[in-house]
Amino acid sequence: MDRRIFGLENEYGVTCTFRGQRRLSPDEVARYLFRRVVSWGRSSNVFLRNGARLYLDVGSHPEYATPECDNVTELVTHDKAGERILEGLLVDAERRLHEEGIAGDVYLFKNNTDSAGNSYGCHENYLVARHGEFSRLADILIPFLVTRQLICGAGKVLQTPRGAVYCVSQRAEHIWEGVSSATTRSRPIINTRDEPHADAERYRRLHVIVGDSNMSETTMLLKVGATDLVLRMIEAGTVMRDLTLENPIRAIREVSHDLTGQRKVRLASGREASAIEVQREYYEKAVDFVERRGIRTGTVDQVLELWGRTLDAVEAQDLDRIDTEIDWVMKYKLIERYRAKHNMTMSNPRVAQIDLAYHDIHRRRGLFYLLERKGQTARICNDLKIFEGKSVPPQTTRARLRGDFIRRAQEQRRDFTVDWVHLKLNDQAQRTVLCKDPFRSVDERVEKLIAGM
């Protein structure tokens, strides 16, 4: 599939401090956060003018699902627009708290674990053709996804009985199955619940829930871009070596605990391979595939260049080569500088604070944004595009139809209901349009519905 629909869903961690002490429960903080949303949307589950969905997920986690995008750079822009929207809710919530005499600071973290050991996710969605054999897709994809953390993990200070250690991935400790239809109970690598949000006879939606939430634009580009290339190879029937892992769940933890990428994991065939070797197998196949198919674009070149350079840098342990582009490396360097300056161990509580503060989405407070202000983060988006993404949907996918419909209905003060595939006016006629094709950004039926308001 040369043109694919992508979507990202990020759940955010939420907390509130009162002079450094927790004062409100996450439930109460979430209510303050969403008060403005509920006042206009009459619900804490709404679709926005940019085509995205914003809602309160299980356990008081705000979740932002990007609109459908058909290129990876646009997807990253819309994910960042989601951060900005939530930052706006945060500022608004703090103002309301202060007006009510509660001197609290509200924090939203774009990470995947909290101090109590709970995990919440970053879910990637890829539209794939229905005709392929899903089990083959999963078999080829799982070794890639288990080792992919090496190129796109967000990094984590993990507390263990033997003290704190730095790991590559936040989610690795919380994954318990390879393929499953549940997302919360068993936490698989790939979720098989079949909700394509499109024509079910033609498409299915691959739902990957093993990845970390990324702060870095370039890490996000690499995560989704490399996965897209692997999917294209599978769809084209490219012959791949059998890299099936003996135990993917053990392997994902072993890979996360080894910053060198050299530790061997056991394959089902009895062979052993390191995470670097597994990734190189996919990377070299992808380079060859792109050349043979003639599918080079600026984005594909960027993804392949960063993928190869990241593997080289990790293998040589020359992390300076990627310390503005890959989240786990950026955070690791930040922590190591701090530890050296203050002569402290990884187990020091202040190190755990830095780990968390890296993911604070408040741009004046978060450590990732401190690095960005200092020019120490590579970028692929610009701030104007991100600002536009808060209210303007992608113009080449179904999100445009949804966004235009919502904008018009709100301007005309009309009551309406939307989801990923339906647009409905709640008037006497109960007019509804079903939009099954996520690639379609122009539809006469929707134009008619909008014109009739």
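Here, residue 1 is simply the first one shown, and the rest follow in order.
Cβ coordinates are placed from backbone N, Cα and C, and glycine is handled just like the others.
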Report task. According to Swiss-Prot, Tyr55, Glu63 bind Mg(2+); so which of Glu9, Glu100, Glu124 is the extra one listed there? Result -> Glu9
Query raised in the report: Per Swiss-Prot, which one of Thr66, Thr432 shares the ATP site with Arg53, Trp420?
Result: Thr66
**Report entry** Rounded Cα separation (Å) that holds between Glu63 (Mg(2+) binding site) and Asp57 (active site, proton acceptor)
**Finding:** 6
Query raised in the report: If one measures from the C-alpha of Arg53 (ATP binding site) to the C-alpha of Glu9 (Mg(2+) binding site), what distance in angstrom results, rounded to a whole number?
Result: 9
Query raised in the report: Are any of Glu9, Tyr55, Asp57 (the recorded positions) within 10 Å of Thr66 (ATP binding site) when you go C-alpha to C-alpha, and if so which?
Result: Glu9
Report summary line: Among Arg53, Thr66, Trp420, the record's ATP-binding residues, the widest C-alpha separation in angstrom comes to 11
Requested in this report: Take the C-alpha atoms of Trp420 (ATP binding site) and Glu9 (Mg(2+) binding site) and report the distance between them in angstrom, rounded.
Outcome: 14
